[in-house]
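Quick look at what TrEMBL lists:
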- 1-16: signal peptide (SIGNAL)
- 10-453: domain 'Major facilitator superfamily (MFS) profile' (DOMAIN)
- 58-80: transmembrane segment (TRANSMEM)
- 92-112: transmembrane segment (TRANSMEM)
- 118-139: transmembrane segment (TRANSMEM)
- 151-169: transmembrane segment (TRANSMEM)
- 181-202: transmembrane segment (TRANSMEM)
- 265-288: transmembrane segment (TRANSMEM)
- 308-325: transmembrane segment (TRANSMEM)
- 332-355: transmembrane segment (TRANSMEM)
- 361-388: transmembrane segment (TRANSMEM)
- 400-423: transmembrane segment (TRANSMEM)
- 429-446: transmembrane segment (TRANSMEM)
Amino acid sequence: GFNGKLIFAIIASALGSSFQHGYNTGVINNPQSILEEWMSQVIGNRTGIPPSRESVTLVFSVAVSIFCVGGMIGGLSTGFIADRFGRKGGLLLNNILVLIATICLGSAKAASSHELLILGRFLIGINSGLNAGLAPMYLAEISPINLRGAVGSVYQLVITISILVAQALGLKQTLGTAEHWPLLFALTIVPAIFQVFTLPFCPESPKYLLTSKGNELEAQKALAWLRGSLAVQEEMDQMKAENDAVKLLPKVTVRELFTNRALRIPLLICLFVMVAQQLSGINAVIFFSTKIFEYSGLKGDSPTYATMGMGTINVLMTVVSLVLVERAGRKTLLLLGFGGMAVDTLLLTIAMIFAQSNEAVGYICMILVFVYIVMFASGPGSIPWFLVAEMFNQSARPTAASLAVCTNWTANFLVGLAFLPIIAILQSYVFLIFVALNSLFFLFILKKVPETKNKTIEEISALFRQQSYQ
């Protein structure tokens, strides 16, 4: 069960890592108009000619999307960093990127350089991509089997909290002003400082110490620290049994992940679920939320605050999912989430057709948005991040995590690239795309995704080996 030391390790690893991911995803949205005006001034002062609206939008779009490009690179680097420096060591070293990124982001205005802002976003993107692979891996490897899902969900919980914090700090009443936006971006250093001062007190992943370093004594010490008890022999025996099985296998390469059927099946499941998370329509609902709230009769700043209310619901439901994931199981929550989102987006499409002419229907739209967030946060938001750590043993986990995280960031980037042009063509009918996609994801999960609740890695691996022979 949970104890003080395990909770401390969870907070130290998750708060200092996934906070970067969420905060830097949400921080750039509210001050968009202020940043575009500043970029226009910078370009105009350099050239002596006021830039066109299109060129300013292009620069801002690069500043937004470069974060995902950095995330892809960080994701691909996960396997190497996790093997070379360890899970804990990799997380600590990753904070060097935060320091350099903070200097770039915080000094961009003083230096009148939008290039510094873009460079800072790129570096913090690499940091976030690495965190997305390393932190769920560390969390999965330090948690007991019966708490693996709940602990793994903490990564997504911190992302939802940090997005909400970024939205709140980005309001014009707080730091979303022409004078204070550099401080808004520079605050990303705070969780890094927290991690640098807390994570060194926590042990490295016991599984990494045993399997990658071959140090059984250190692994047992680490496990005893995390469990708050010396009675860890049974768990050590399980880890040694997994280690003995891993020793019979060579180091798994990317090619082997795709050519070995026993590894290919879980890899494709993990990649598919990562893509499903990004293509579920969450970005569309968030993008449309302010407009939907305006349809509901909200005026002035009220739609912005309603959007923050939506973020609060996301946080609360992610907390609920921490409990549900160990009771209902991973597959059940994924089915509930994607099935619920398919029905919800269909109803939302119908409601938005009538919303502009009927205020009562506008309120129905608002309720449907909140229901959608509940469905997303119940499983699809959190489960993909730790599923890869549950499906692969120590020899394949870092490489598989690299591919899965890179796939998630790539899907995120492509959605960001294609989304606005599609909205311009389809308007509110864009949700019909997500009706079809979520239905497809539901069917795939129903047929292909196994339940991993309370199963050891060896039991899950044996399941896929059995499937590969059929």
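Just so you know, glycine gets a Cβ as well, placed from its N, Cα and C.
Scored on C-beta pairs under 8 angstroms, the neighbour of the transmembrane segment (58-80) with the top count among 151-169, 308-325, 361-388, 400-423, 429-446 is 400-423. Remote same-chain partners of the transmembrane segment (265-288), defined as residues 6 or more beyond its termini with a Cβ less than 8 Å from a stretch Cβ, comprise 257-258, 307, 310, 334, 337-338, 341, 345, 348, 369, 372-373, 376, 380-381, 383-384, 387-388, 391-392, 400, 403-405, 407-408, 411-412, 415-416, 419, 423, 428, 430-431, 433-434, 437-438, 441, 444-445, 448-449, 460, 464, 467-468. Here the transmembrane segment (361-388) has Cβ contacts under 8 Å with residues 132, 136, 139-140, 148-149, 151-153, 155-157, 160, 269-270, 273-274, 276-277, 280-282, 285, 288-289, 292-293, 295-297, 306, 310, 313-314, 317-318, 320-321, 324-325, 330, 332-334, 336-338, 340-341, 344-345, 347-348, 351-352, 354-355, 397, 400-401, 404, 408, 452 of the same chain, all six or more residues outside its ends. Beyond the transmembrane segment (308-325), the same-chain residues lying 6 or more positions past its ends with a Cβ under 8 Å from any Cβ of the stretch are 149-150, 152-154, 156-157, 160-161, 163-164, 167-168, 286, 289, 333, 369-370, 373-374, 376-379, 381-383, 453.
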